[in-house]
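*Asks:* Relevant sequence annotations retrieved from TrEMBL are reproduced here:
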{"type": "REPEAT", "residues": "17-58", "note": "repeat 'WD'"}
{"type": "REPEAT", "residues": "59-100", "note": "repeat 'WD'"}
{"type": "REPEAT", "residues": "101-142", "note": "repeat 'WD'"}
{"type": "REPEAT", "residues": "143-184", "note": "repeat 'WD'"}
{"type": "REPEAT", "residues": "187-227", "note": "repeat 'WD'"}
{"type": "REPEAT", "residues": "228-269", "note": "repeat 'WD'"}
{"type": "REGION", "residues": "313-337", "note": "region 'Disordered'"}
């Protein structure tokens with residue numbers, strides 16, 4: 001773990017992206033932080049200008065709810081998965097579909113790009129993990145072994161491994177350096193579905209589960225470093241800050257938590273303006289945290305400014321507004337009305 005302690009969090013104005021026609025299932029930032037991608041239950045993928053909140057595109061094509069979305073690391077493409085059993089590859093510059101990847105037999109729940117943007121991994125309710133060549137759209141490998149639906153996937157920063165999480169409550173780490181990948185590690189410890197996975201830049205792996213906990217692992221030694229407890233419902237989404245010092249998590253409840261990765265303690269619980277928090281992600285610079293939510297009256301994505309303020313610095317003053325959220329005094333929890 002990094003020995004440098006995270007700074008104090010300050011949450012400013014909350015911005016709403018409220019033109020979805022269904023629940024927000026996933027969100028992702030482009031590598032340059034300029035574009036926000038959201039996947040909706042309404043069957044569309046949305047692109048937003050991060051700073052202004054302007055809707056750039058609303059892309060149809062999937063014939064079922066869009067379950068997950070992800071930008072390629074080079075920022076040129078993004079992928080979306082759906083209950084229609086397909087993955088769509090999209091061109092960012094022209095906002096058009098380039099490939100429709102078919103091969104899964106049931107809903108595709110997860111997709112991830114390799115760090116070099118040349119490969120794509122997908123998994124779903126058919127219990128299969130599939131590796132694709134991005135340029136051609138051809139299947140490179142089928143990875144079989146999970147005993148239940150595959151719900152999450154993430155390439156290691158080194159590109160030589162792929163982690164997948166399943167309803168069978170295990171995390172499998174596949175060695176991609178061999179011609180026929182074999183599971184060389186299986187991480188056990190959760191008692192429920194592994195709903196989300198995330199690698200830090202240093203190679204630590206975080207897993208969120210329906211058992212309401214988050215585990216942080218050192219995959220090379222199969223060591224469980226931290227177990228984070230505090231969510232009252234299942235964990236839906238997790239994301240490391242770019243420096244790896246913090247982890248944000250969204251649960252199937254009205255809260256998003258921010259954790260100190262050195263101590264495992266919950267630094268802040270952000271609540272009060274969210275309905276069910278489905279997704280969370282940091283911007284590449286770590287200053288913004290976006291949370292996608294389902295609201296029965298309106299579907300929206302919340303954009304909260306996170307400022308890394310040192311103890312001697314005063315948190316930025318934010319003008320009050322209709323959707324302003326401020327943190328209470330240090331040590332308290334929840335928003336100040």
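Numbers here mean position along the shown chain, with the first residue as 1.
Heads up, the Cβ atoms here are built off N, Cα and C, so glycines get one too.
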*Asks:* Six or more residues out from either end of the repeat 'WD' (59-100), which same-chain residues have a Cβ under 8 Å from its Cβ atoms?
*Replies:* 22, 25-32, 35, 37-47, 106-117, 120, 122, 124, 132, 134, 137
*Asks:* Looking only at the repeat 'WD' (187-227), report the model's average pLDDT.
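*Replies:* Taking every residue of the repeat 'WD' (187-227) together, the mean pLDDT is 94.
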